[in-house]
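Novice: Feature table excerpt (Swiss-Prot):
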BINDING   265-270, 329-333, 399-404  substrate binding site
ACT_SITE  267  active site, nucleophile
ACT_SITE  304  active site, proton donor
SITE      400  site 'Transition state stabilizer'
């Protein structure tokens, strides 16, 4: 199936089509633009793609125009479903924005492949004291020096309130004004490319936030009464869904074309309920490939999925979806259990080095095996001939796994340097694509907590209660869970950059820099396939080792020293001074790791 995009995403910069709107539910639509009213007419239908569209004549086309829509005589103007700017909030008028006006300086940027890369996940509001795109741009040289290749931004689309994780967005085409708005976003991507960094934008297509969502007033964007964890499901396969899918695909095209991002992280794709013969994820992959060919650089789509289904990664010509990557939560769980000892909730199946060994070899732990947390079998095996290990994006910490702890405590708030070093070595030398959570690299002491700023008190209360209910199986004590609506919860989550130069923080930061440098200089760590990973371990002595080509990674999870034979002749990296390589015997101190070569 071949599609040519974008459609409405390419609204002319000038002319009345800028204000065209899909409102099949309306009997009449009036455009309010620049303080004047313009009666809109139904678009002449040449095919089903025109059904439900309205157009206006004579509306202003120059400058920044504030505008909205009056439906069926209602005197309250609604923002544009495709609004590019909401300077006064999600309930106010939209403002026109011309993305082609920006003068890009990144013509030399050739893009970046996922294989061999390191991703750095950050939230704009808490990454810097200012919480803006401009302030984040001031840290690009630091990130380049850290050795990362992609910056992955948590969602930036417009939401109600001042601060939020970003998953309550309601205007998918608009960049949140508190971050700087759409032009600031263009400047940030331009600056990132100048620093040699790609940008991956986290996007949410499975639900909309609870405040400021006017899409149902215009058309059947949602499946009323058919929901997921976060609200009504998006209408991907019901009546009118051709236009809804078009809306989403045009949004995907906007990020890749107008903002020149290098990839998208697709939030919770298991919640995209689509019974069509061609799943929308397949359309995503086809569109991204089309745009990649147009712009002449690689573009990457990474799915967050808890299905453990490698079909996401298989080529479309063999009935796959053709995405470049997907998250592997199993890797996180196996690492987490083995450095913390926690086995509650969904960690219960990962309470052994055997689980970690299986993940390193096979990519998934649950590949058709029984999941005690789900109380059913889960996942399917990966076809090693069809998928490279780099297609699995892994981490020891991320915004979900830390933020969805009762108090949002990072590993660095409870674990010693040695345990943090073990997690770092596993993540950055394993077969997969590593992703770091902002501040992880220096062992940030600040938590990453769940925060909201809903102006409506009832929404704030419902959010706090719903969150505790969602994670009741993790054994949370409600008394210690921070109030998401308390401004202090947000402020506590901001990084303290001063500590990165102090004590074990600085020591850990240097280890991360050494690990990213080692990845770049050691092809065996990044280029080999699944079948090239060999793993051995001793459950009682608590050591594990794995080989990739001519490189071995040795890890001691115990509080006692360990000696390992057959360790090679060259020490490439050690997590502390207690590590020794004598002949081909490695001496590892407690909670330490080494990378050696033959």
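Glycine is no exception: its Cβ is also placed from the backbone N, Cα and C atoms.
Because the structure is a prediction, the values reported are computed rather than measured.
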Novice: Around the C-beta of residue 265 (substrate binding site), how many further C-beta atoms are within 10 angstroms, looking at every protein chain?
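Specialist: Looking across every protein chain shown, the total is 26.
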Novice: Under a criterion of Cβ-Cβ distance under 8 Å and sequence separation of at least 6, what residues of the same chain contact residue 304 (active site, proton donor)?
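Specialist: Listed in sequence order, they are 265, 266, 267, 268, 269, 326, 327.
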Novice: Relative to the Cβ of residue 403 (substrate binding site), which residues of the same chain, six or more apart in sequence, are found under 8 Å away?
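Specialist: Those within reach of residue 403 (substrate binding site), by Cβ under 8 Å and sequence separation of 6 or more, are 165, 448, 449, 450.
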Novice: Per DSSP, to which secondary structure element type does residue 400 (substrate binding site) belong, with helix, strand and coil as the options?
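Specialist: Where residue 400 (substrate binding site) sits, the three-state DSSP reduction gives helix.
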Novice: List the residues of the same chain that sit at least 6 positions away from residue 332 (substrate binding site) in sequence and have their Cβ under 8 Å from its Cβ, in sequence order, or write 'none'.
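Specialist: In sequence order, 394, 395, 396, 397, 398, 401 meet the Cβ cut-off.
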Novice: Around the C-beta of residue 400 (substrate binding site), how many further C-beta atoms are within 10 angstroms, looking at every protein chain?
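Specialist: Result for residue 400 (substrate binding site): 21 other Cβ atoms within 10 Å.
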Novice: Reduce the DSSP letter at residue 265 (substrate binding site) to three states and note it down.
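Specialist: Once the DSSP labels are grouped into three classes, residue 265 (substrate binding site) ends up as strand.
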